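These come from Swiss-Prot:
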- ASP46: active site (ACT_SITE)
- GLU118: active site (ACT_SITE)
- GLU42, ASP115, GLU118: Mg(2+) binding site (BINDING)
- 7-129: domain 'RNase III' (DOMAIN)
- 155-225: domain 'DRBM' (DOMAIN)
Amino acid sequence: MEPIKNIPRLCRTLGYEFAEQALLDQALTHRSASNKHNERLEFLGDSILSIVISDALYHQFPKATEGDLSRMRATLVCGKMLAEIAIEFKLGDYLKLGPGELKSGGFRRESILADAVEAIIGAIYLDSDIEKCRKLVLNWYASRLRVIEPINQKDPKTLLQEHLQKFRKPLPIYKVVHTEGDAHEQTFTVECVVEDLRQAVVGVASSRRKAEQSAAAQVLELIKK
């Protein structure tokens, strides 16, 4: 099996340099490609992600109920959210998949991408320690943690629209500026334009809707600073 290419670029994207690169290789290896795959690392990363996000929400929302905290955590650690992070990292470019998964477009499949993010978290923990892992996860989630609210768990597009309406501002304009890949495996690049920002904000995802949500989340972060 060929080595994974462009590892230095991926490490720069992640914000972490592995001392033991074999851990990263394993985290990127799907069970269809090798017996030494990423499922055990995924198990570990899932637990670490849960405690890091739980701790962040507990301190960020001191008056939130247990139910509110649970719903916010579920939103942040769900497969859809993890897959969005994977797409932002272009993680599909680095995955090791078996021939069948490659042929069926597994490098774009939400579940495979989400599992790989959790596996990378597990690999970083084993390569360093829990505090280093915590800082990285919080950095990856910074924009999402800034815009999440205890009530209703509205999506970023809805939250952005309500925020702009509150201040009597024009609604955002979303525009697809680029698509890439075959019809069933496309990546969408969407621009979001709002009055208060000098330039458009770009979101990239596996669907137009997800790309719009990603762009809206970034806009919310910028205008609430």
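Cβ coordinates come from backbone N, Cα and C, glycine included.
Comparing ASP115 (Mg(2+) binding site) with ASP46 (active site), their Cα atoms are 9 Å apart once rounded. Counting other CB atoms no more than 10 Å from each candidate's CB, the binding-site residues GLU42, ASP115 peak at ASP115. Look at the Cβ of each of the active-site residues ASP46, GLU118 and count the other Cβ atoms within 10 Å; the largest number goes with GLU118. Taking the C-alpha positions, the distance from GLU118 (active site) to ASP46 (active site) comes to 5 Å. Across the domain 'DRBM' (155-225), DSSP assigns 30 helix, 20 strand, 21 coil. Look at the domain 'RNase III' (7-129): DSSP puts its residues at 88 helix, 2 strand, 33 coil. Of the chain residues outside the Mg(2+) site list GLU42, ASP115, GLU118, ASN38, GLU39, LEU41, PHE43, GLY45, ASP46, LEU82, ALA114, ALA116, VAL117, ALA119, GLY122 have their Cβ within 8 Å of the site's Cβ mean position.
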